[in-house]
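Everything on this sheet refers to the single structure shown next.
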Amino acid sequence: MECVQTLWLSLALALARGSWVVRGHPQPCGVPTRAGASVRLAALLPRAPAARARVLAALATPSPRLPHNLSLELVAVASPTRDPASLARGLCQVLAPPGVVASITFPEARPELRLLQFLAAATETPVLSVLRREVRAPLGAPTPFHLQLDWASPLETILDVLVSLVRAHAWEDIALVLCRVRDPSGLVTLWTSRASQAPKFVLDLSQLDSGNDSLRATLALLGTLEGGGTPVSAAVLLGCSTAHAHEVLEAAPPGPQWLLGTPLPAEALPKTGLPPGVLVLGETGQPSLEAAVHDMVELVARALSSMALMHPERALLPAAVNCEDLKTGGSESTARTLARFLSNTSFQGRTGAVWVAGSSQVHVSRHFKVWSLRRDPLGAPAWATVGSWQDGQLDFQPGAAALRVPSPSGTQARPKLRVVTLVEHPFVFTRESDEDGQCPAGQLCLDPGTNDSARLDALFTALENGSVPRTLRRCCYGYCIDLLERLAEDLAFDFELYIVGDGKYGALRDGRWTGLVGDLLAGRAHMAVTSFSINSARSQVVDFTSPFFSTSLGIMVRTRDTASPIGAFMWPLHWSMWVGVFAALHLTALFLTLYEWRSPYGLTPRGRNRGTVFSYSSALNLCYAILFGRTVSSKTPKCPTGRFLMNLWAIFCLLVLSSYTANLAAVMVGDKTFEELSGIHDPKLHHPSQGFRFGTVWESSAEAYIKASFPEMHAHMRRHSAPTTPHGVAMLTSDPPKLNAFIMDKSLLDYEVSIDADCKLLTVGKPFAIEGYGIGLPQNSPLTSNLSEFISRYKSSGFIDLLHDKWYKMVPCGKRVFAVTETLQMGVYHLSGLFVLLCLGLGSALLTSLGEHVFYRLVLPRIRRGNKLQYWLHTSQKIHRALNTGPPEGQQERAEQECSGPKEEQPAADGAGRWRRVRRAVVERERRVRFLLEPGEAGGDHPWLCSNGPGVQAELRELELRIEAARERLRSALLRRGELRAQLGDGTRLRPLRLLHAAPAES
């Protein structure tokens, strides 16, 4: 066979030489014919249009500069056909012009690859082939002039991954199951060299007849033996397509661990009909064709740069290649030197780390995922990531060890999951267990206080034996515990619960995750159930279910009782209301006075003509008495209109006073202040003043958000943060408070506000950073999809709403019904303004008294001496009396003494003394009733001023005339009454006559 291939290649080379001599290439290659200040790298383009366009786009990028002012020129050449003769002619034409140091090719079939390797070795010119894995085949001894870069995963790399898995599981006896492999013996040899151990069985399925019977019969050799053992530990399936691999795995007998060696994408992984625990490889981040071409060009450029620095004469004068006269260039030729530098070049390219292994294989960085077929708690198959392989290093996922190993077929045992939680009200509460260490209500959970996996395993083992100390036993209950119990019931699994050791949600510290995230990554728990916020950083390392609770971040502050200012008693009513009330009072008093004086029945001289008058001052006194509800003696209006207006004013005052009284207690007792924050963008948070402190919970989602969004704010609040939410609330409510504001999940803050007995807490500002709570699981856990599905069902059925109503239906502050014994007390500081007002009233009373004396001694005499402003009865009865009567008693006595002269000059006659007393009585009576007369009558001429003056005789005559006139009127009235009684038959007519006869006799 090898001889036939050699003859075929020789014939192709001969045809190429003949064609070169006779007529040359039918189309010009476009390669420059002379060398200049540049070296050339030729590229034989692929035949497929899409691949050709991608290669041209990659070659269009600027080429790197070389030392000594050299430049690398890229020349693209397209060959019309891909037969061996045309390929040989095209390659010879590419290499013929001077300056071409290497070429890049894209073989699409194995014969092309063999021809390129033969031509590279024959012409001693480096040829770099970018190929797919399907083109690869053992080509005999490698040559340094033909370098191969596998765009897809090379077979050697896949075998390295499989060997790493075999060694990690300590599998000794291995069986190779081959589907369609062109050189099975070469593959077995390659496996033996990589694994350092030959496989125990090699099953070639390519020679089998079509049908499942023959396939099952062949694979039965790997099944379980009669004694219960298996002939091999693992079976590796190679060279199979996705459909063929599915057929083989469906027919595989139970027993060995199956490994699928063909890399598959995640979406192509089947789930049904496969044996549990089968391992599958999946390449992630496969390099693109453009990246592979770019790295090949950079490989040549770096090798040329190194060669130009060490051997500039060879880099500046590359020799031309003549396919008609092939001569060995010797060890010092440019091609051999470049090949040597190519095999010793390595760098970090677009595909990752690039290096040449074995002088002909160009390796790039590869990354594989290892997937395993597991079973979820419902028993359904699901793929889970158990490890990853990169650059020869196999790493198992941290949570892979925690995943449940598939139970044997036919078992019905309920799986048992380990759940980690964190105490956060109202989602998770804890209380002490009973005397027996059990929980009548809630779920038994451990509080180990450590994150050590061995310690946890030992405690749960001791829990089954009943030997765990009671101090570590707790009873967990709450929102999330109810949700977990419902999930366990619907998904048919059991769980064991423990509280996270460090009490943290989880953050990246010194390259390691802490808290709940750390427990999931370390495999200590299958899931984390609490108020676990979903954020981008956590989602990169663990999986989350769909959120079962939506929330955001909020700010909580504390209210403070402050001393009421002096004018606090006026707060129940707005200043405009106060002005309106007193304006209405004076206006009502004015209308009461007008209605009373214009009414024929009013308490005025023209109305009822009594001893009292309803003036404006009386109306003001009445309106103030009604407004403040004081019971004092006051004049009331007598006219119906005035009475109606007075009652209407009383209704107005009742409503105003009731509103004032109702609001007074709320305003005075509820006088509280708090930090007004508009939200996370408030200047108080971004530029805090001296003494303003705020914080959050360490390693929580709130801290992660603030740290990523506002680094300066996080630097200030870091030293004021708390380990837990209750601790932060305690810092906020302490006396004196250690925090002015506390930032955390709004759902947690709302609960703390609702249970605050003193009503000192409240949330302020706009919510921000909308987030949700989900159940955390290891990456690619088979539980994620099932849990998310059931959570969605709970939302639709209303179960989530029932949980919210159960744990969040608290009575908020301001709407609570206080106990009978609980009273709202107001101290002196609440009504300090009233005391100040009373003191001001006492001071103003002194000023009023001073004003009275000023009016009495200065203003009143001036008005009395004038002729105007003598009628004040409608305004004030007191002022009117003072103006329209004689001098006061003291002044009158002094005036009488002045008029009478010395005592010894006045005779003390009894008649004169008696007459003086009568005169004084008349004067006093006149002073009491004189205001009832008209102004003209009241101001009549009374000539007497002194009792002993010259006007006594005139006064006596006037009095006698008045008495006589009165007697005449009385006599006429009595006569008329007698006539009327005579008509009625009354015999009492003589009585008035005696009165009339007695009157003249007395006179």
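Every residue, even glycine, has its Cβ placed from backbone N, Cα and C.
Residues or ranges marked as glycine binding site in Swiss-Prot: SER531, SER533, ARG538, SER701, ASP745. Less than 8 angstroms from the CB of SER533 (glycine binding site) sit TYR505, SER700, SER701, ASP745, GLU771, GLY772, TYR773, each of them six or more residues away in the same chain.
Contacts of ARG538 (glycine binding site) defined by a Cβ separation under 8 A and a same-chain sequence distance of 6+ are given as GLY506, VAL517, PHE544, GLY776, in order along the sequence. Annotation source Swiss-Prot lists D-serine binding site at SER533, ARG538, SER701, ALA702, ASP745, citing similarity to another entry.
The coiled coil annotation in Swiss-Prot covers 947-986.
The compositional bias 'Basic and acidic residues' annotation in Swiss-Prot covers 891-906.
Long-range neighbours of CYS439 (disulfide bond) (same chain, six or more residues apart, CB within less than 8 Å of its CB): SER433, CYS475. If you look up Swiss-Prot, you'll see CYS439-CYS475 (among others) marked as disulfide bond.
In this structure, CYS445 (disulfide bond) is part of a beta strand by DSSP. Residue density at CYS445 (disulfide bond): 25 other Cβ atoms are found within 10 A of its Cβ, drawing on all protein chains shown. Residues annotated as disulfide bond in Swiss-Prot, with similarity to another entry given as evidence: CYS445-CYS476 (among others).
Swiss-Prot lists 883-912 with the feature region 'Disordered'.
Per Swiss-Prot, the feature region 'Involved in the trafficking and surface expression of NMDARs' maps to 952-985; the stated evidence is experimental evidence.
What Swiss-Prot lists as signal peptide is 1-24, and the listing cites sequence analysis.
Annotation comment: Swiss-Prot describes 25-574 (among others) as topological domain 'Extracellular', evidence class a curator's inference.
Summarising the annotation, Swiss-Prot assigns topological domain 'Extracellular' to 662-832 (among others).
Annotated transmembrane segment per Swiss-Prot: 575-594 (among others), in sequence order.
Annotation comment: Swiss-Prot describes 642-661 (among others) as transmembrane segment. Long-range Cβ contacts of the transmembrane segment (642-661) within its own chain (Cβ-Cβ under 8 Å, at least 6 residues beyond either end) map to 572-573, 577, 581, 584-585, 588, 591-592, 595-596, 599, 602, 614, 622-623, 626-629, 636.
Under the heading transmembrane segment, Swiss-Prot lists 833-848 (among others).
Outside the transmembrane segment (575-594) by six or more residues, the chain places 614-616, 618-620, 622-624, 627, 637, 642, 645-646, 649, 652, 656, 874 with a CB less than 8 A from a CB of the stretch.
Max Cα-Cα distance over the annotated D-serine binders (SER533, ARG538, SER701, ALA702, ASP745) is 17 Å. Between the C-alpha atoms of CYS476 (disulfide bond) and SER531 (glycine binding site), the distance comes to 14 Å. Secondary structure of the region 'Involved in the trafficking and surface expression of NMDARs' (952-985) per DSSP (helix as H, G, I; strand as E, B; remaining residues coil): 33 helix, 0 strand, 1 coil. Neighbour list (ALA702 (D-serine binding site), Cβ cut-off 8 Å, at least 6 residues apart, same chain): LEU553, THR696, ILE743, MET744, ASP745, ALA769. In this structure the alpha carbons, written CA, of CYS445 (disulfide bond) and SER531 (glycine binding site) are 17 Å apart.
When the record's glycine-binding residues SER531, SER533, ARG538, SER701, ASP745 are compared pairwise by CA position, the greatest distance found is 17 Å. Under the DSSP three-state reduction, ARG538 (glycine binding site) is assigned to helix. Sequence-ordered, the extra residues of this chain that approach the D-serine site, with Cβ no more than 8 Å from the Cβ center of SER533, ARG538, SER701, ALA702, ASP745, are TYR505, PHE532, ILE534, ASN535, LEU553, SER700, ALA704, TYR705, GLU771. DSSP assigns ALA702 (D-serine binding site) to a helical segment in the three-state reduction. Here the disulfide-bonded residues are CYS475, CYS476; the one with the fewest Cβ atoms within 10 Å of its Cβ is CYS475.
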